[in-house]
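Below: one structure, written as structure tokens.
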Amino acid sequence: MLPEEDLKIIRKELGREPTLVEQGCFLNLWSEHCSYRSSAPLLKTFTSTGENVLIGPGDDAAIIKFEDGYVLAIGMESHNHPSYVDPYNGAATGIGGIVRDIISMGARPIALMDPLYFGPLDTPKNLFLFEQIIKGIAGYGNCIGVPVVNGETFFDRRYSGNPLVNVVAVGLCKEENVTTSRSQKAENKLILAGSSTGKDGLGGASFASRDLSESAEAEDRPSVQVGDPYTEKLVMEMTLEAIEKGYVKSCKDLGAAGLGGASSELAAKGGLGARIIADAVPQREPNMNAYEILLAESQERMLFEVAPEDVDAVLALVQKYDLNGAVVGYLTKEPTYTVEFGGEIVADIPIAFLTGGAPTCEKPSEAPTLREEGKKPETPEDLKVAFLKVLSSYNIASKEWIYRQYDHEVQLRTVVKPGEDSGVLRITGTKGIALTCGCQPRATLLDPYNGGKTAIIENSMNLAVKGAEPLAIVNCLNFGNPERPETYWQFENAVLGLGDEARKLSIPVVGGNVSLYNESDEFKTAIPPTPSIGMIGKVDLEIPLPSGFFAKDGDSIILVGETTPEMGGSEYYACMDSGNAGMVPAVPENAPELIKAIIEAVKSGKLSSAHDLSLGGIGAGLARMCRSMGAKVDLSELAGETQADELLFSEAPARALLAISEPEAVREILKDVPHAVIGKVGGETLEIKGKNFELSVSLKEIAEAYGSLTRFMMG
């Protein structure tokens, strides 16, 4: 039901009581999910322009200039609530929706990433959600032939009952084929093409704009869409062919609010109105009413604006691909949104009011009571036990069980496969892109502003170790109930942190999604603030890319960046049951210089290996690089007054490990940033020495700890 405050505004504008169909349109298009009514003022603080940005926020996806006449389409979406209610279909249709966003811009999807967040797997419900969500992503992505090349998987008890499924998609096309969702000309026809329209997904947009109740699995299942990847593949090919032949004047995929959302937004963006003939829509079920036809979120559907003379050609294309298609309306000069059904007018709304009239506001924001730092844990007597415990944490352990279910090599562009800091794809002969995603939710929980900044730095470093120059950022801003002042304060400060650090690095934030009300009645939890981002960069493939693992016996190991003792939000503190203690490490002022230096070091072509340091710090980073060969490392010179566990597990941002046969070859590049040669690659063990500790772990022990998640899931 529409809130009474909204109804008052609507009655005043219309001068009458809205019809049932009109109420449905407003309920969905004025929902938080569609209108960003709580977040719009904050989103405007992002810098979204740049020399390579052709289309920024506001369309189905952003368009970034690449090379040789090619452009990249990039978008990011969430499908959180549906993935709790029906995890397989919720995750699958999350993939389908973001892929259609890319297609609607005229681009062929070439890559996916999936930042995912779950509750602990020792709870049967969380384990079920985890398994089904991964299956849903794999089942849909593999069938449509788009590789999943990178991702993040993070576990925390606060995601119990409210997993987060975020998806990034990237597409490629020639600049002349870019299509937008801005309508072009009155009297042009609106063609609905793809799957037929059923009753699935009704109210999906409004469902995504409230907390999950204990009865959500039963009550909200009709709000979850059901996907068909084989139809999606046909829709993809049909749409791209129609665009390449010049038939499509504007295009929008049908997602939130279904035909009602797509047709009204497309028309309004071009300053036009629309008249929809609901009876003309190809229907999957008998006796559907106008409300259902207009607002169902059935998947695999696209809306095209087509000139009258091209209608027959487009419908012939639709038939060629064995899809459903029909003219369902037309654009009008009058700026109204009119829906006809059964010969009667069931909706007649000023279109700008429908698509842009939702009242936006900044919610009350209140900082929480100042948190006590708490007591840091004593340094463990047996450091090796702590080391292996951290390494076997599912947040750090190998995610091989996940990405082995994905086809990450389809389309034959993949240069760097999943399991490294970033995925790399070949675009043209010598140019490629690097892709990375994620954030650090525990750091953002303790310090939202610094957590937002850290997300930008962490992803920038993931690109840097592959020599990639950042091009653009997209985001999924996942938070709890914004009506709680403390939650809105978290949201506000995380957004400001993201924006400030992105500006400092001159990376535009070109699009994304806001997902609020992520709270679970069943588990009595609210998610930690999760400003998940996707980042894309340009890579020169003429230069040999360093491996994320030690690759050459005898290489010198260089640590770049400063290690600080702040441990707040760290995986080590979580493993030691001190999760709320400590201060979050600050992003260093010289982070841009550190990132630039690492990029230049990689571009020198001299590095054998390079790896960003994040969760688990130096200890976990070294262990991860010891996949097939060991290392001897001496951290004594770095220690100062730092405790052994802080030295090993600090997650101070903007640090990396480099391996090179001749360190002098990059000394000039690194001369203006903190760095030190800390050891050599070789042997069958990882040996780490500090001022007052020595640690020796065999490659077998490392492999066993690092394989904990795979072993559990295969168990």
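Cβ atoms here come from the backbone N, Cα and C positions, even for glycine.
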Kindly point out which candidate in GLY69, GLY511, GLY512 is recorded by Swiss-Prot as part of the ATP site with TYR36, ASN475.
GLY512
Among SER460, SER506, SER515, SER520, which residue does Swiss-Prot annotate as binding substrate at the site that also has SER78, HIS79, ASN80, HIS81, ARG100, GLN225, GLU297, SER298, GLN299?
SER515
Need one number for the ATP-binding residues TYR36, ASN475, GLY512: the maximum pairwise CA distance in Å, whole number please.
14
Quick check: of the recorded positions listed here (HIS33, TYR36, ASP101, ASN475), which one has the Cα closest to that of ASN80 (substrate binding site)?
HIS33
Between SER78 (substrate binding site) and ASP253 (Mg(2+) 2 binding site), how many Å separate their Cα atoms?
16
Listed binding-site residues ASP101, ASP253, GLY512, ASN513, filtered to Cα within 10 Å of GLN299 (substrate binding site)
ASP253
Have a look at the binding-site residues GLU77, ASP101, ASP253 and say which one has the shortest Cα distance to GLY512 (ATP binding site).
GLU77
For ASN80 (substrate binding site), just give me the three-state DSSP call.
helix
Which ones, of the recorded positions HIS79, ASP253, GLU297, have a Cα no more than 10 Å from the Cα of ASN475 (ATP binding site)?
none
